[in-house]
Each structure stands twice: as C-alpha cells, then as structure tokens.
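As structure tokens, the structure follows; a few thoughts come after it.
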C-alpha cells in the first residue's frame, strides 16, 4: 500500500506499525516524534498504530538551532 | 544559583547548537562554554539527505535540552512544535519563538502571547523569545511564563545590546528570570548583559561563527562569570558630573586661602 512519508510517496507492506516503519529506516525510537495525518502520535502507541493506505506520516527529529 | 521554574542551573550561559561547521566543533564548544542548557530545533527528516543525529551526543554530554519552535509563524504552529518537542525529548520545557519576518526575524508579540498562554495552560515551562518590550514581558510573566527572553538585537546580527535601555526596565520589573537572547556578538556584550542584572544569556552565532568557536566559547564562559561577580559586587552609580576620587583642597593652598 502507499503511504506519504515526509511528503514522499512510498510503497510499504500492509499492516505495518509505526514501530516497524521506524525500524526499517534505522531510526532510533527515542530521537523522533511522529505525526500521523496531522496528529502527534505518542511513543507509547507506536507499536499498536497500524498505518492505513494513503496515511500521511511525518517524522521529525532534532536539528541544530539557536 | 540561577533557578528557572523548578530547576537550578550551574551556569548563566546558555548556547544554541546552530551554525557550527561540524558536530564535533559544536560539542567541543558547548563543553568549553560550560553551558547549562542548549537549544535545539526540530525538522522533518529529509530521507534523501540522511539524518544527522545530533541528539545522542548532546544527551551523552549531559546537556539539558531546550527545544525551540523555530519555523513557526503562528501561535498554532508554535503550540504544535512545542508538543512535538515534548514528545520527542520528553521535556515540558520550550523556547517559544515565532518570527514570521525572515529579514529581521523579529518576534511576533501577539502570536507569541497567545501561544504562551495556551502552553502554560498545558503545563509547559515556557520561555518566550520576545522583543525588549517591558509591557509584554510583564504580561508574559503574569500568565505564568517561567522566564522571558528579550532580544539584544536581531538574531545572528552580533550587534550587541541595542535594546539596553529597555532591557534595564525589563530586569527591574521582572519577577521571573530574564535571559537576554539574540544579538550578543562578543564576550564583552554578554558580560554587560549580566552586569545589567540579566539572569542569563543565550549565545549561538557569536560562538559558532568565531574563527575558533571552542576558544570563543571559553571566553563567553569567563565573561558571564565575571559579569555576575561584578553584578553581585554592586556597580557604582553613573553620574553626569564629575566626582573627585582624590582630595581637591588643602594640598597646594590652604582651604579658604585666596
């Protein structure tokens, strides 16, 4: 199925969770925040949040700033 | 010791993490500065360019992190950014900065106030970046901000304390810590801010853009330390007329002599 991940369309397996999505990208869970369709998804529910086709997933990380 | 909200800080120097040439220089400079809190921004990861994890080394170095809301143009966006920071970094601390104008990056007072009011309600420790506006700083203090962060001059400009007369009023009226943020371009200017009675300064560009950022960070550390010592020692009053330091009478001629 198709997801929009940080504004880029990607094909992923069905029934993929946020946790798996991050693991596939080698993203450390404690370094990012995840937004699904405009709503911040708490880390505690990543493993049970199953992506749906055409979901817009945004993954934020900390960057240098003043 | 400086206390903001419920937290004590061993240093009155905070630093940003932006504009350094590389991560190692940034970490070495932060270490040399003895900064007790450092700011970070947040951004969507660009998977085409890779993701430099600046978080891990900062956490490993024991830095207290202050996420900012840079990039937000409205109160709504800043609130969203604050919530992102809380989720990402497990902190309720946030530096609210809302500056829609890219040329001068001056903070929008209306949006900033609205964002702070909501974030305080949500339990955040809110540190707003604002113009050197004493009335606004009082209002932000009244609604429960943990500190105020008035600017010395525009972000990254190195112009120093162009707002000094208004910073003095803010410091005089403040019931919460005053952190001078933005525009401080030299250790002397940081020292001046602390001598004025500011509780802390936040410095980024002046350190990151120095020829030797690590050495400059140490200079800022020392300047802030000395500035605080001078403030605590109590500066003499500024007067318009002279006040003799040596006796003017009874030396070349007796007092009252023609």
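For all residues, glycine too, the Cβ spot is worked out from N, Cα and C.
TrEMBL entries are annotated by machine, without manual review.
Noted in TrEMBL for the protein shown:
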- B:3-247: domain 'Thiazole synthase ThiG' (DOMAIN)
- B:95: active site, schiff-base intermediate with DXP (ACT_SITE)
- B:156, B:182, B:183, B:204, B:205: 1-deoxy-D-xylulose 5-phosphate binding site (BINDING)
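Everything TrEMBL records as a feature, shown here on the structure.
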residue : record                                         : DSSP class
B:95    : active site, schiff-base intermediate with DXP : strand
B:156   : 1-deoxy-D-xylulose 5-phosphate binding site    : coil
B:182   : 1-deoxy-D-xylulose 5-phosphate binding site    : coil
B:204   : 1-deoxy-D-xylulose 5-phosphate binding site    : coil
Taking the Cβ of residue B:156 (1-deoxy-D-xylulose 5-phosphate binding site) as the reference point, list residues of the same chain whose Cβ is under 8 angstroms away and which are at least six residues distant in sequence.
B:19, B:105, B:182, B:183, B:204, B:205
Counting Cβ atoms within 10 Å across all protein chains shown, which of the binding-site residues B:204, B:205 comes out on top?
B:204
Which of the recorded positions B:95, B:183, B:204, B:205 have a Cβ lying under 8 Å from any Cβ of chain A?
B:204, B:205
Just to be sure I understand the packing, how many Cβ atoms besides its own are within 10 Å of the Cβ of residue B:182 (1-deoxy-D-xylulose 5-phosphate binding site)?
31
Other C-beta atoms that fall within 10 angstroms of the C-beta of the residue listed as 'active site, schiff-base intermediate with DXP':
30
Roughly how wide, in whole Å, is the group B:156, B:182, B:183, B:204, B:205 that binds 1-deoxy-D-xylulose 5-phosphate, by largest Cα to Cα distance?
9
Mean pLDDT, the domain 'Thiazole synthase ThiG' (B:3-247)?
94
Please report the number of other Cβ atoms within 10 Å of the Cβ of residue B:183 (1-deoxy-D-xylulose 5-phosphate binding site).
24
